[in-house]
Amino acid sequence: MATLQAIKYNDGQLEILDQLLLPESCIFIPICNVEDAWAAIREMKVRGAPAIAIVGCLSLAVELRKLAAPETKEELCRFVKEKLDYLVTSRPTAVNTQLAAEACVKLCARLTDNTSVDTTAAKEDIIKHLEAMLADDVADNLAIGEHGARDITKKNATKDKLRILTHCNTGSLATAGYGTALGVIRSLHKANKLDQVYCTETRPYNQGSRLTAFELVYEKMPATLVCDSMAAAAMKQFKIDAVIVGADRVAANGDTANKIGTYQLAVLAKSHDVLFYVAAPFSSIDFQIPNGQSIPIEERPHSEMTHTGSIRTAAAGINCWNPGFDVTPAELITGGIITEKGVFKPDQLAPHQSN
């Protein structure tokens, strides 16, 4: 069965699967401009670091296709930069949008300096650059899946099939397709190496129970849902072989920001002698940030904790702390960081920055 498709783009028409409605219904909504994308990202109708960047950039491509070519390339580039700067503010922890914006701004600068390129041609080049992100992300995810599956299988060579624990949602719904951590699990399943995948509920927003479980059932993978508070017991009871999670931002030293609850899984994995992997494209690595203490952590609305839908489930008046992410220290990433370029120990990332 084909993987789910959460982003549809064709000839300047962009639609996204509204993930707030899953698993009850699969409804695609149009994204007609950058403002639509910003709102969809902020409201978590689309989420996952790669998908956020892709939807943001494609929304700009939609606007540019409708835009009459400005009189000058400088005016065009100002327009592009303003739109990208706005998109970066939608969710601050994930670095993918920021890096995508920086790459596009650099392209604008090169096009402006090139006197042989007129404004219309410059606009077309920018659109092509933005639209290429969709296919590039799928290719990167497939590579991540293969590298990760190979490494985990090698490190568990005495076992015919593996038991994997994952957190949050890192599959087709979080990327252009296939996924990062869930992509590795898909590759293990394709190779007939997956015994069972255990997905956490991922409170308070339930990305695991709503989204990852949905993907696993959709693709008929052997899977079991566990509450976040069951992770330690599951590692012991089911003899988990590896924990694989995604990342919204990786610092230069390998410290990793990911969905809240990841840090405690890394601590538990270390205690139970279970390999802990982070799967992420190089676009999630921020070499400008030295360590995890410098990663901005998004605070989410308290209603995500106090309500289930419109129903209040917490005492009125209680104070809440709702960070969207936590930081896992590099030394707890015992399996490695799985990228499209291979699997690396956290301190091995920097030499491969520009390869």
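Every residue gets a Cβ built from N, Cα and C, even glycine.
Here's what TrEMBL has on this protein:
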SITE      Cys168  site 'Transition state stabilizer'
ACT_SITE  Asp248  active site, proton donor
Around the Cβ of Cys168 (site 'Transition state stabilizer'), how many other Cβ atoms lie within 10 Å? Please give the count over every shown protein chain.
-> 29
Report, in whole Å, the straight Cα-to-Cα distance of Asp248 (active site, proton donor) from Cys168 (site 'Transition state stabilizer').
-> 11
If you skip the near sequence neighbours and keep only those at least six away, which residues in the chain come within under 8 angstroms of Asp248 (active site, proton donor), Cβ to Cβ?
-> Ala49, Thr93, Ala94, Val95, Asn96, Ala257, Asn258, Lys259, Ser284, Phe325
